[in-house]
Amino acid sequence: MTAFGFVLLSMMGWMNETTPLRSRIISRSEWGARDPILVEKFTDPSAFVIIHHSYTPAACYTTDDCKKAMRSMQDFHQLERGWNDIGYSFGIGGDGNIYVGRGFNVVGAHAPKYNDKSVGICLIGDWRTELPTDTMLQATRDLIAFGLSRGYIHRQYELLGHRQVRPTECPGDRLYNEITKWPHFSPAPNNNKNNNKKYKN
């Protein structure tokens with residue numbers, strides 16, 4: 001089985017379940033993802049949920065534009081940075097949809113030292129001075145709740161902004177200030193949770 005087939009089967013397993021998600025799930029095939037070069041899995045529930053913004057591409061508000069944004073990010077990550085795939089686990093579009101990146105329990109390339117124990121959620125757009133729409137924020141919270149309900153995310157997970165694990169503006173001041181009010185936000189990450197294996201990005 002190809003790496004893409006492996007990811008697709010694992011994604012379809014949770015996409016077909018009855019879920020509390022109000023947002024539509026856009027599969028990799030729907031947004032036109034390129035096959036991953038390599039898929040590395042981890043088995044424990046994610047101890048961290050890490051929130052990102054894309055900065056570029058800019059915010060998208062139609063499904064066609066959000067699909068283009070996902071392809072743009074994958075092109076940058078795979079073709080320019082040489083990563084196995086798009087770095088994030090999921091993307092959240094301004095259309096309110098959830099876009100499958102690497103998915104749950106797949107080692108990401110979004111947060112060094114946390115990639116093998118986290119879910120990386122990217123809210124597409126630049127959220128330094130503006131806040132994502134309520135629909136985007138709700139889709140993000142719903143995705144986290146779904147991951148908790150299915151055991152993909154540990155019930156004692158820590159919620160972090162990308163800037164807490166490396167020097168960066170990400171996820172933007174407005175979005176970062178917003179997530180500090182959410183359940184499980186941690187001002188001081190504890191990276192001793194779960195294993196600390198090293199994987200290739």
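Glycine is no exception: its Cβ is also placed from the backbone N, Cα and C atoms.
What TrEMBL lists as domain 'Peptidoglycan recognition protein family' is 23-166. In the predicted model, the domain 'Peptidoglycan recognition protein family' (23-166) has a mean pLDDT of 97.
Counted with DSSP, the domain 'N-acetylmuramoyl-L-alanine amidase' (33-172) comes out as 37 helix, 31 strand, 72 coil. The domain 'N-acetylmuramoyl-L-alanine amidase' feature in TrEMBL is assigned to 33-172.
Take the CB of CYS66 (disulfide bond) and look out to 10 A: across all protein chains shown you find 24 other CB atoms. Residues or ranges marked as disulfide bond by TrEMBL: CYS60-CYS66.
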